[in-house]
Amino acid sequence: MAGRSGDSDEDLLKAVRLIKFLYQSNPPPSPEGTRQARRNRRRRWRARQRQIREIAERILGTYLGRPAEPVPLQLPPLERLNLNCSEDCRTSGTQGVGHPQISVESPTVLESGTEEQC
């Protein structure tokens, strides 16, 4: 871990050991029992795995000082999006699919049958 101090490395190793311990404390469910019992055990196991994953993200987020997930990109509403493919999209061969362009105007094909009154 180049560029880090020894204390920082030790803290990171402690965090990783803690996360490893959390995952090891939740072994996969046993395959015995009725179908319903197995299903319930798997459901509870998945819920615990989800909780462990969230705790691990919080531990690493606290250690790293930033969230694990990037900030989501703000997009316009889906009703206003459509694909507008130019001529180079229809080329065949090994050139790929081209570069589709995203238009933000509402197409007339997707509009509802009712007309809006002004």
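Glycine is treated like the rest: Cβ placed from N, Cα and C.
The range from 61-72, 73-84 that Swiss-Prot describes as motif 'Nuclear export signal and binding to XPO1' is residues 73-84. If one looks beyond the compositional bias 'Basic residues' (36-46) by at least 6 residues along the same chain, the residues whose Cβ comes under 8 Å of a Cβ in the stretch are 26, 28-30. Among residues of the same chain six or more beyond the region 'Homomultimerization' (18-26), those with a C-beta under 8 A of the stretch's C-beta atoms are 45, 48-49, 52, 55-56, 59-60.
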